[in-house]
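A.B. asks: So TrEMBL has the following annotated:
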DOMAIN    A:62-252  domain 'ABC transmembrane type-1'
TRANSMEM  A:12-32  transmembrane segment
TRANSMEM  A:61-85  transmembrane segment
TRANSMEM  A:97-125  transmembrane segment
TRANSMEM  A:131-155  transmembrane segment
TRANSMEM  A:176-198  transmembrane segment
TRANSMEM  A:233-254  transmembrane segment
Amino acid sequence: MNATWSRFNITSIVLGFAFLYLPIVLLIVFSFNESKLVTVWGGFSTKWYVSLFHNQGLMDAAWVTVRVGVISATVATVLGTLAALTLTRYTRFRGRVLFSGMVFAPLVMPEVITGLSLLLLFVAVGLDRGFLTVTLAHITLTMCFVAVVVQSRLVTFDRSLEEAAMDLGAPPVKTFFQITLPVIMPAIVSGWMLAFTLSLDDLVIASFTSGPGATTLPMKIYSQVRLGVTPEINAACTILIAVVAVGVIAASVVNKRREVQRQLDEQAAQRG
Amino acid sequence: MSNAVTAVSASPAANDGKSVPARLGEAFVGRLVIIIPYLWLLFFFLVPFIIVFKISLSQTAIAMPPYTPVLDFRDGISGFFAGFGELNFDNYAWLTQDALYVNAYVSSVIIAAISTLLTLLVGYPIAYGMARAPAAIRPTLLMLVILPFWTSFLIRVYAWIGILKPEGLLNQLLLSTGIISQPLIILNTYTAIFIGIVYSYLPFMVLPLYSALEKMDHSLIEAAKDLGCPPTSAFWKITFPLSLPGVIAGCLLVFIPAVGEFVIPDLLGGSQTLMIGKTLWNEFFANRDWPVSSAVAVILLLLLIVPIMLFQRAQARAQEQDR
């Protein structure tokens, strides 16, 4: 390989990652700023974290967000997995084109359209805006992401495993739970995590579909950001980033370990 | 072995041991796998669009909900058909007459197109560098690209406010190093929107590019080099065409949501910049005009229907190839 090319490659990677991470790093650094001015360093302090935990409005919003996230991610994971199975296993049924359209379109649909249309649906059926409507909206959005993640695992799935189980007399439902599900489990877990973080992050759809008493954390952060940048918001953002980063890194470590274990098992099986 | 297994299970003999009700039960479970997500998406994704369209044809009223009912089944089927006479297209006429909306649509498409191009220019070298990196560190690099995507969109946009403000970190740096003598005005301009979109959507561009470039057979480049092809023309003749599916997928993933983007123009663009997502939001939340915001949404959807269908075709094709 040409040396100048690889130097060019390294430079572009370093610059690219600097661009991706510098703003986040700066935001975290300034959450520990003593000064109230977010852009002038006044010494190290954790006082904004203390005041954050005394901010009842933010804490309430955080609690609402976590509940919406857990419930919607769980339901979305079930629905998304079913949708992924439909997409990969049932290649011919009436309305399949429409179905795959409805799975893929929400991935790129501008959030203002999804939010507005869901709100109008809830009004049309007479559902009061609040906790339930945000949760339903988030299920709809995130199940499509789960479907894509699980589907990408299912297409590489070795179906002869299922066939072997069924030949040995296992009924299809049992085969699914004992063979298929364990194999695609890592994808389902990362689908759940993706759904949870998407729900945690969503501002636009939540703003349309939420009602009084169901203000989520992004809505709260947004309304404060509009009034100006404060170190307290930096602190709230830092905690959110930390939660997500720890979750993602932990999941990938667990996945990696499982992968190594599986390879060891396979080698042992081949030797034995 | 696996061939034999397939052959056996494909033959009807494999099902012989089962009773008819058991087989019917399984067929029912199989049907449920399709029906449950299907009905959910029909009700929560497709039906809402029909309602948006319906309400875009109604009139604003001071009530809750703030529009006059149209095409209502409450008067029975005949009432429904009689309702066609009452439809009004005033909202659409209003959108074409008021320059604000036309300008907002046009500028959204232009902003999204420019930012998509910029994202491609920034993302391509990163994806290329990643695909050429030693295989051992590639998963780590991939993870580093994905990680910001998991971090809140709102937070990442918010982080730029502190950097781009007139008294922000970028201006402090440039002023203290003497590169500029007057602070640059970036926040609340279109430049800030471009930076915001490129930054927020970069992972969406890098990931499909990387997966296209990683699959590429590097010996093609070496063959070209051996035959005397200079690196630049080898890139344009081999690498770029082969990465085209990734380029298309990445561009669509950036362009489509960017056209309707709200958070970035709202937080970084200020009140002077014009984008349709922001217009729709203001129409809905500030003016409480549900019929007009529905009409704005319908036209936005019509604008995006072609790119969305292209995206779907690309997804379906990728799925076929994986099989």
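Positions of Cβ are set from backbone N, Cα and C atoms, glycine also.
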A.B. asks: Hey, does the transmembrane segment (A:12-32) touch the transmembrane segment (A:176-198), meaning at least 3 C-beta pairs closer than 8 angstroms, sequence gap 6 or more?
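C.D. replies: The answer is no, given that the two segments have fewer than 3 Cβ pairs within the 8 Å cut-off.
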A.B. asks: Please identify the stretch among A:61-85, A:97-125, A:233-254 with the greatest number of Cβ pairs below 8 Å relative to the transmembrane segment (A:12-32).
C.D. replies: A:233-254
A.B. asks: With Cβ-Cβ distances below 8 Å as the criterion, list the same-chain residues six or more beyond the ends of the transmembrane segment (A:61-85) that contact it, or say none.
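C.D. replies: For the transmembrane segment (A:61-85), the list is 99, 103, 131, 134-136, 138-139, 142-151, 154, 184, 188, 191-193, 195-197, 199-200, 206, 214-220.
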A.B. asks: In the same chain, which residue numbers or ranges, 6 or more beyond the ends of the transmembrane segment (A:233-254), come under 8 angstroms Cβ to Cβ?
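C.D. replies: 24, 27-28, 30-31, 33, 38, 48-49, 52, 58, 189-190, 193, 197, 200, 217, 221, 224-225.
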